Amino acid sequence: MDLADLMEVENGDHSINQKHVQITFFSKDEEIPQIPDAVFDVPTGAECDDMNLLLNKTIEANDGAWKERRFEFLVGETFLRTSLAEFIEEYEVETETILKVECVIGIEAPKPLHDIQAPDWVSSVQIANGHIFSTTYGGDIVIVDRKGKETKLAVNSANRLLKCISIVKAPSKKNQLDGTEFVVGGENQLLTLYAIEKGALVEKLILRGHERAVECVSVNSDSTRAISGSVDTNLKIWNLDASDEATTYEKEEEEESAKKRRKKETKTKVPMVTIGGHRDKVSAVEWCPWNSGHAFSCSWDHTIVEWDLELAGEISRIKGPKSFTSIDLHPKSDLLISSCTDAIPRLYDPKNRDGSMVKQSFIGHQNGWVEAVKWNPLDTNQFVSVSTDKTAKMWDVRSSKSSLFDIHGHDDRILCATWNEGLIATGSADCTIKIFETA
Amino acid sequence: MASTSAATPLKNKRKFENGKKKPKTLKDEFGEKLDIKPVIVPPKPADEYDYDSSDEEDLRNTIGNIPIKWYDDEDHIGYDKFGEKIAKPAKKGEIETFLEKMEDPDYWRKVFDKQTGTDVKLTDEQIEKIHNIATGKYPTIGYNPYEPFLDIFSSQKEIHPIDNRPEPKSRFIPSKDEMRMVSRMVHAIKMGWAKGPRAKKEEHKSYDLWASEDALDNVTKSQLSRMRVHMPAPKVALPTHAESYNPPEEYIFDDEERKKWEEAEKEDRVLNFMPSKYDALRKVPQYDKFITERFERCLDLYLAPRQRKMRIHADPTDLLPDLPNPNDLRPFPTTLAFYMRGHTGQVRAITVEPERGELLASGGEDGTVRIWMIATGRCIKTFQMDGEVTSVSFSPVADRTLLAVAYEGKYVAILNTGCGDRLHVQQTEALLAETPTDAQEDGAVVTWRKSKEKLMLKMPNEVRQVTWHSKGDYFASVAIDDIAKSVYVHQLSKAKSQCPFQKRKGHVQAVTFHPTQARLFVATKIHVREYDLARCVLVKKLITGCKHISTMATDANGENLFLGGLDRRFCWMDLQMGNKPWKKLKHHTAAVRSVAYHKKYPLLATVSDDGTAMVYYARIYTDFVKDNELYPVKRLRAHEKTPNDLCMLHTTWHPTQPWLITAGADGTIALFTY
């Protein structure tokens with residue numbers, strides 16, 4: 001109350017003409033100490049910085065050990081980004097009653113780290129063990145480390161038109177590349193398991209069985225199984241164990257010693273299970289975080305399906321309004337974020353079927369498609385979405401009407417994104433991979 | 001006979017006795033003689049006693065009452081009291097009878113009596129009686145039926161009563177029975193057991209003096225109709241300021257106005273009086289035109305006819321048809337997702353692979369055919385042709401990766417795209433390798449040859465359009481020139497081409513195959529003809545209403561035809577409803593370049609040079625109960641106009657999604673989603 005008096009004294013000449021609104025602060029975060037239940041009379045011209053100053057001084061008055069920090073303010077379901085006057089006018093907030101403002105510890109904006117030039121359109125990106133792995137539509141595999149240095153690998157056989165990548169195994173030593181294994185899939189209906197051995201890319205396994213282009217691939221956490229989706233509407237589960245003979249495709253041994261030696265190193269595998277339940281192209285697959293025998297897939301037939309891979313059957317099906325382009329499941333909160341062929345990412349709860357299907361719709365992208373969505377594995381509230389309107393947006397699930405940050409930089413449609421180890425990587429049709437660092 | 005004569009006098013005696021008694025009674029009662037005619041004296045009884053012949057007769061025949069006819073067969077007629085037979089009287093013969101008749105003068109009086117067996121002679125009295133009976137007169141001789149009437153009572157008035165008995169006392173005393181009955185009734189009324197006589201209530205009647213005026217019975221038909229369509233007379237205009245006795249100054253005439261008013265004709269004057277000014281009301285003179293004005297008013301009311309004008313109060317919204325909400329007709333494309341860039345110059349034709357819809361093929365002015373991935377807009381393959389591409393078409397069979405391309409230089413090429421399923425690509429390669437191009441006839445107009453994984457057809461003229469049959473073996477091509485042999489039908493499995501028409505029926509603009517039957521639709525500039533290819537006959541000729549047809553498409557069943565024209569018109573022909581268009585629309589402001597109908601969704605799209613694509617909700621019903629539905633739902637804008645005013649050149653739908661793909665003259669391909 002003293003601070004309110006001080007503010008009135010400071011604005012002595014202007015307070016007569018300016019509008020005022022009564023607000024109160026509260027928080028659900030445990031890091032923030034108890035905020036007093038005081039009601040503040042604030043002019044509507046106040047912005048985030050002014051409210052930050054007010055809140056910091058209020059907490060400091062009660063708790064002497066408090067250090068000044070930056071807050072984000074949630075009003076209703078929207079982050080406060082402008083002045084109170086503009087916010088009230090834009091969202092038609094009722095000013096007769098006391099405005100309740102939720103305080104959240106401020107998140108730092110992602111900092112652009114690197115801009116990597118790729119030889120062609122970037123089709124997918126992954127981050128593992130301090131390195132960024134990406135594929136292009138020209139069949140290239142680009143591997144960049146955290147410092148932006150690109151690793152040139154000798155490729156034995158270049159696949160044509162790659163579409164997806166998934167990390168199978170990463171070495172235990174930090175920032176080491178030898179021993180890494182990943183699987184890629186593309187237009188040639190094949191999935192290939194590569195390993196990096198002594199600075200060279202070695203083709204280990206060829207997974208054959210899809211009828212059309214492979215659209216998506218995912219490897220489970222213990223690196224024994226992979227699941228892939230294709231344009232032919234099928235899902236196939238692969239056994240990545242090289243020593244398993246049941247799924248190995250044998251050919252007649254040829255007499256030529258050179259081919260014989262190479263054939264011994266490269267094996268061809270057939271799928272363990274083929275699941276056909278979708279009616280259109282499968283656009284994304286994800287392993288279930290809480291059940292190792294389940295997986296999720298989404299398709300252009302407007303559905304997200306949960307599968308039981310041991311029974312090769314369907315558990316549940318979510319129907320959406322549009323064709324789905326991407327899904328992601330958070331390993332901790334078990335929430336599912338999805339993107340469609342429109343501008344709105346949607347939040348689903350696959351475990352809870354009560355109430356409406358869509359828990360939250362995040363409105364902010366312009367026209368076009370949202371191509372990919374990705375959770376922040378370190379925070380249950382944040383995800384990133386990329387769109388054909390050349391922007392990437394960082395969202396907080398508590399605010400569905402405005403994003404946390406807008407990430408600009410690409411000149412063309414952004415096709416893929418990933419968020420891991422505190423890094424966001426986006427790949428675009430302008431042949432660049434942009435890497436941003438988050439707190 | 002004696003008994004008979006004896007009975008008759010007895011009757012006469014009785015009657016006469018009655019006659020005698022009556023006058024005696026009258027005399028005895030009144031003691032005076034009555035004025036009555038004298039009565040005929042009956043015959044004397046002495047005469048009766050003188051005759052004893054009846055006794056003699058009885059004594060003569062003693063047989064009793066036995067009928068005589070019982071003795072017809074006997075010689076006797078009974079027995080006497082001594083028991084001896086009585087002999088029959090002797091029968092007279094004919095001769096004896098004849099002699100009696102001639103000699104005896106009383107022969108006519110004699111009657112034979114069977115009872116006695118002798119002849120009886122009738123007396124004069126008896127003969128007269130018989131004669132009276134025969135002529136219908138009274139049997140009694142001398143009877144007078146018209147005897148004078150004798151009154152029962154005397155007309156003579158007497159001074160003494162007939163009955164001298166005095167009146168009894170009870171005649172003068174009221175009846176005790178009646179008194180008892182009345183007392184009982186009074187007691188019952190007092191006790192409430194019975195009701196007294198009901199008092200008749202007089203209703204007060206009120207008379208309506210003008211009842212006849214309100215009733216419609218007295219009204220004539222003309223009066224009734226006049227009441228029904230009553231038209232009041234037009235009202236007289238109210239007075240204005242000029243008619244005041246002290247008007248404002250601006251209403252007073254000046255010299256020029258007064259001269260103008262006086263010179264004008266009386267009918268042409270705006271005012272029929274001259275405004276004048278008086279400072280006091282008492283100085284206002286009498287209005288000298290009052291009679292004239294009233295007369296003219298009555299003349300107007302009498303001569304000017306009046307007419308009732310029916311004014312329709314129609315709400316404009318009621319005249320509009322009931323259209324559904326476009327949000328209820330979703331899904332249809334609403335937004336531009338992205339452009340696919342790569343062509344330089346016009347993109348003239350696009351086509352999507354069937355069933356999967358992953359790949360898009362486009363042909364352009366730069367002489368290239370490009371294969372795109374629709375999901376990302378990435379061009380994954382480019383074929384270089386030797387001329388500008390005019391038409392591309394994917395084979396409708398999903399197992400083949402065949403693409404038909406028509407390009408300038410009079411060529412049609414059948415390509416293997418090499419994209420998609422590896423197995424299908426290999427099968428397509430084998431199919432192309434097996435084509436018997438070497439077995440062509442000499443002198444064939446169209447020459448087939450193989451050229452590194454594709455077939456080349458050398459056509460006699462420049463090709464405008466190439467289209468496949470739904471089975472995938474036949475395809476047709478149309479030439480740009482206006483000649484008789486502009487349409488060719490080619491068979492892939494036999495490497496053969498033939499021209500189905502010999503005569504020129506018009507400048508052919510487009511052809512398309514029927515999806516399910518062996519029929520061909522040929523569109524010239526004005527008409528569409530449907531030919532049966534199996535029987536080689538013309539099935540139907542459609543009158544489209546378009547001046548210059550530019551494009552044609554059918555639905556999945558082949559029962560509807562969609563036509564677009566360069567005169568901005570779009571026609572929907574329902575082939576089951578005659579040969580006239582079911583619907584004609586003109587929503588574009590420039591030439592319609594392409595029409596596409598979706599296979600799964602009821603969506604129809606037209607693209608035009610005005611830079612817009614119209615999306616319609618077009619539902620087709622196969623039964624005849626429901627009519628087709630066509631509603632415009634969205635107008636999509638994309639692409640940029642080129643200096644020669646071309647914009648959108650072709651369109652097609654995605655086979656599984658309600659997405660529209662358009663080809664533009666600016667070198668881009670646009671994908672519209674929702």
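Even glycines carry a Cβ here, placed using N, Cα and C.
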Region 'Disordered' according to Swiss-Prot, located in which of B:1-28, B:113-140: B:1-28
The repeat 'WD 6' (B:587-626) - residue tally per DSSP class, helix then strand then coil: 0 helix, 20 strand, 20 coil
Same-chain residues at least 6 beyond the ends of the repeat 'WD 4' (B:459-500) whose Cβ lies under 8 Å from its Cβ atoms: 390-397, 400, 402, 404-408, 410-412, 414, 435-437, 439-440, 444-446, 448, 507-513, 515-516, 520, 522, 531, 533, 536
Beyond the flanks of the repeat 'WD 6' (B:587-626) by 6 or more, those residues with Cβ under 8 Å of it: 326, 329, 331-333, 550-557, 559-560, 562-570, 572, 576, 632-641, 645-653, 655-656, 658, 660, 662, 672
Tally of residues which DSSP labels helix, strand or coil - the repeat 'WD 5' (B:503-541): 0 helix, 20 strand, 19 coil
For the repeat 'WD 3' (B:427-458), residues assigned helix / strand / coil by DSSP: 11 helix, 9 strand, 12 coil
Sequence-remote partners of the repeat 'WD 7' (B:643-674) [C-beta within less than 8 Å, at least six residues beyond its ends]: 330-357, 360, 362, 364, 372, 374, 377, 590, 593-601, 603, 605-613, 615, 636
